[in-house]
């Protein structure tokens, strides 16, 4: 397959032209207009967000406005919304010269993805049988945000190496695949995955990794200078990490059952996250000379507990069960980063799936008791296979599409990880390249050191 | 009028002295003491925040504490609070050396403004007829935050060019004008403007612009070096943008009707915001060489959908209607920035007003049906005129007050956009000027290049 | 005592070795495993987070899921959670090269501390008499976050001068002492301290200060170069300040009584905070040449109103009473920073205690009326003494433990305030030292200026 990829590369390759002046506006306009038309044809308010809710209330003997689902779920929705836009967005600002692209393209594709997700998930889950229309309320917009999370995880695997046009295509297909995959796993196989460990994270990670593998750039390693972080970009990324970490209890409880379900999901996730912080720090320190901690681990593996609790957040796994999940996941996830057997999210996917099984053994008092544990275990494994298949096969197809000779506007190898390609970047007197330019300019003017000094810098 | 302004300038001008050591403490102390006295005379808890609420509950057959208005609105209040202090605050950190002033003075004037707004809005809206006292609860503090937003928009038009003393005066008058204007528009003309597109944004934008025009500094353009951003200041500003964008559904739903009203307002705003992100990216890319995106557009025009939905958030405009509003507003707002026919918020004001009218045509099932659409349209236009008149006339008066020869402590032209004037700024080894000083020092010591090297830098 | 300390120093001193490769992983693993075992033995869900809640509901005639305590408190919990991790975390990023440690170690010790706090507070407050187990729900995890706040305040006094291993020990003892102290003050003495001014802030401040005094480094003052801020680190710290400031109403209302109690606590705190912003700006400006504001004051003293309202947030002190509290506290707290009679939190502690007493005089309609004001005042004073005693004696013991010759991994005097010791820091081309290295390298290569240029830099 690597052979085929190489073959295709030589056949298709043409000089990269990262001009997106026609393609990006075109894709944004056309797809947004398509959204408007499809929403016009298919999407309406549901009972609880419609002006006729007072009639609905009377019919269902609801005595108070506070019983509207909005009040059960809106605080959690807002937290999830922050995770999607600030959490994932700032997590991707860690590269030294790709912070605009990290947070900006995250913003663009999430804003598109959530619209498309409302439609796709609506067709599968929220179709009103009476009139064939999709009825949306607070739960739908939470689910749309969830759905987008899968594509943002995939974006993480491609950060700095693709154009916004490619990201839009990746998002369109990603949401579509996600909705189908989710329907099969949850509604056909009746697999349990409340917080989406399997449906969101496994799918998203493999989808992104497969695309990344297809779009592999063999020469990229030589231009490593921009693929790292600087001090303050790592602090920006901690904003993302912390908002993801703090609000993960809302992520896992947002669409749980009213009452004790949401309550327990939040507590379990809170505990699992706390435990994975300690084991992440432990493994990170253990693995480096003098025990120096690595920001990459802290920024990512601390979240493992939240990811892994996704499937089981609502279960009666008891508080110590949550701690065990977080304990194990922090370890596995940090090892994932250490041995690079994974992208920033693959190890989370793997462990979430394994925990998935582990966690079922804790589900002492689950109410899915119609199936025997063994049977349910088999279905969970089948669900995992479906998620993997959609991620890998879907990713392969989308990857090849994104390599078709077309006006994708993707950057050349030298331009990867560089905001200059797609953004008007301010003349930044604080960054090193212009400073060196100035300095060498000053020096060079009189002593003809210019070429040598530039050479010196490139060496260092 | 420009002539008069020029005349006044020559007459009144005296050398600027940005010393605020007496004036700022004086104004803070006196006004805060005034607030305490006025609150002591006029402000008390309302029924739902008073210790006698249990009696009130019994009288009104409320069976549960969860029916307290606090639980309907507090999550939205906290989101609005974040928008005011982090959203607007960090949006104003984009200048390379005015981040302290951007976020710091925003903090000061918002903290003062909300107290004064509680009083002003209380006198107009929350006066208890029995005892003549203002009764405050959660809805009042949300409204106070809203009221402050108008002044912060005005601050955006003056960023870097005024002193904190002037900002305090601007805020005092701004809140006062706002409260009167709001009373006329909402309570006298019965105009619909739930989320404050007209009342807050149009007023705030014109108020700030008019003051900015009166305080115009003709020589400022020559000292452009500090009036731009640097890489990381633009990332900081994205924190502001994202918190405004994410929490705008709370802004527009915070004081909507309980139940389906709040629910629908949040969904409509969510959709409009998503659509305006796509059109903002499209127009920004379309307008630049090679399609390069401009951070100024992404930081500001993406919010247009939320501003414009302010008036209509609670209406039954259906989901596709919200998308259309966002679609159109993203375009208009980005054009506003491109052709500089506006300050950072004028284009939003213009479009919000136009959308105002547009949106009324979507209000299929509104419950304001006592007036015919044509009549209501007339009243909406009248409301707009009132907002404009208060903004422009009020801004002109305040602008002239701020130009009176007095100890305002405003910066000279060379000191604009520079935190050094009002803040103890750390000796920042990372910023360029000291670095160049070092470098040229090092070089100059031996080769006498100092003057030349400085010259070189200034040229670049 | 200073003599003894000096004696001990010479006796115990050995060269510092900041290698934490064994000690940090060991402490994290062992303690996390201990947590799992203790949680397994002692901690279960409470009635409202247990799957049997539906039975509990029927038994207690609760008709709706919205009556679950989760919906009363979860939004406030999430706000408090943000205060702990982003608020305190980013407040500690202000040092120029200790931002990783500031936000990262805050993350570590808070994640450990909340687990230990659930156990300690559980044993004292949430023990089910039927089965001897700790039953946890939303209120417990809010209290655990509160408890952690005390240790984070102590961390603030030691920032940059201790190792993460020492911080873990400090947290273990801190939480333990806190839980006992809290039990004595609230349950034995029946002192009023809803928002924890006394229990959390006084204890935390004195605990941290005493440890800081015991660990005093006489030679540290000479290496001042890293103990300040840079421009952007101060902006990062403002993120922390603002999230603390904005969410403090949630902090003080999170565990207040349902209904008007939470409502009033939020309003009172909101007002007190607003007032302390104005007086902080006033005193900060008044105290500096040309009235220049100091970021240290703005970052810290603006929070004084929230701290001080902790004790009285729920009382009927009326809105103007809250403003007076904030007014006074902003002044005292800023003076605290000016005259350095305090650490970043000592002045807050002092004033909170004084306000404690002041505020009781405002409690016109308190429902603690079984004691006379004088008696209650005596108990309040007794509570304060307990908090001080636990802070000082506990801090002294922990301080001496942390000075025992052991593998603490604490930094040498030259390595204080430097992330290089415990973190893999990216080669930061933006910071000055490497730039100068490059520049001098370039220059030095040809003109042999290297030594001189370095000297020049050290002088400046």
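Start at 1 and count along the chain as shown; that gives each residue its number.
Glycine is treated like the rest: Cβ placed from N, Cα and C.
Unlike curated entries, TrEMBL annotations are predicted automatically.
As stated in TrEMBL, the feature transmembrane segment covers range A:381-402 out of the listed A:381-402, A:403-424, A:425-446. According to TrEMBL, the feature transmembrane segment maps to residues A:267-286, out of the candidate ranges A:267-286, A:287-306. Only sequence-distant pairs (6 or more apart) were considered; of these, fewer than three Cβ pairs between the transmembrane segment (A:136-158) and the transmembrane segment (A:228-247) are under 8 A, so the stretches are not in contact. With pairs at least 6 apart in sequence, the transmembrane segment (A:80-98) and the transmembrane segment (A:165-186) have fewer than 3 Cβ pairs within the 8 Å limit; the two do not touch. Most Cβ pairs under 8 A with the transmembrane segment (A:22-43) among the ranges A:80-98, A:105-124, A:198-216, A:228-247 are made by A:105-124. Counting Cβ pairs closer than 8 Å to the transmembrane segment (A:228-247), the top stretch among A:80-98, A:105-124, A:198-216 is A:80-98. Counting residues 6+ beyond its ends, the transmembrane segment (A:105-124) has Cβ neighbours under 8 Å at 28, 31-32, 35, 38-39, 42-43, 84-85, 88-89, 92, 134-136, 140-141, 143-145, 147-148, 151-152, 155, 164, 167-168, 170-172, 174-176, 178-180, 182-183, 187 in the same chain.
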